[in-house]
Amino acid sequence: MSASSIARTVYIVSDSTGITAETFSQSVLSQFDQVDFKPIRLPFIDTLQKAEETAERINKNAADTGVPPIVFSTLVNPEILARVRQANGVFLDLFGTFVSHIEQALGLKSSPSIGRSHMQADSEKYRNRIDAINFSLAHDDGQFVNQLDQADVILVGVSRCGKTPTSLYLAMQYAIKAANFPLTPDDFERSSLPKTIAPYRDKLFGLSIQPERLSEVRNERRPNSRYATIEQCRYEVAEAERMMRRAGISWLSTTTKSIEEIATTVLQEVGLGR
């Protein structure tokens, strides 16, 4: 962000966790890279007293900065919604904007419910998500390999290319049982996939990364080590990509991609659309 960038406060207001509004706001605000947005999440605004306090906070920010803050809302209760809407902010009602149009299209009235977009702790979907998270944690970095046949996908690549965060994101967001397995210099010397994962060729998806970026990441973990040198990184990346091409494994570079983009590509390429 440049020194001359514009600063603007953003309030993310919800009567539940605020995750939906936060995710939407990040996507929208990312289109304005000349603005230094200051996001503040206000979850569980589920009483009129909390709504009043939220409105006062928004008004104070507007008075202090001289500009009304941007307010993203997924409030459901009409009274709470009305009170926060009265505050001096640029108010964006995410549910109201879309629900009314869908009501017209369907010829039906919606049945508002707080937190409905998120899973209940006793639901089957929630339990599947927890099972997937536990699976991904147990099968991180090739630690446990006895149940790889149960994996939905096995991510492969050199150390520190983004396998672990992608595996956990797939588990948490999509209940995907994602294992990950490292490709090491020993594997490159043998010029073949590790025997542990070779039987699961149809489950494999590769992640790569630019050597320069890999060196930066590894230096944060092991400064001044051979493991982090640009020469070692170039060697490992080149050999890993050669191995994946030879084995016919689809892969992508994680260098400039977010975890969300990587995960979406994995889902599409492996045929795990959710």
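Using the three backbone atoms N, Cα and C, a Cβ is placed for every residue, glycine included.
What Swiss-Prot lists as ADP binding site is Gly157, Val158, Ser159, Arg160, Cys161, Gly162, Lys163, Thr164. In three-state terms derived from DSSP, Thr164 (ADP binding site) belongs to a helical segment.
Taking a C-beta cut-off of under 8 Å and a sequence gap of six or more, Val158 (ADP binding site) has these contacts in its own chain: Pro182, Leu183, Thr184, Ser208, Ile209, Leu214, Cys233, Glu236, Val237, Ala240. Sitting within 8 Å of the Cβ centre of Gly157, Val158, Ser159, Arg160, Cys161, Gly162, Lys163, Thr164, and not among those site residues for ADP, are the Cβ atoms of Asn180, Pro182, Leu207, Ile209, Thr254. The Cβ of Gly157 (ADP binding site) has 29 neighbouring Cβ atoms from other residues within 10 Å, across all protein chains displayed. Here the binding-site residues are Arg160, Lys163; the one with the fewest Cβ atoms within 10 Å of its Cβ is Arg160.
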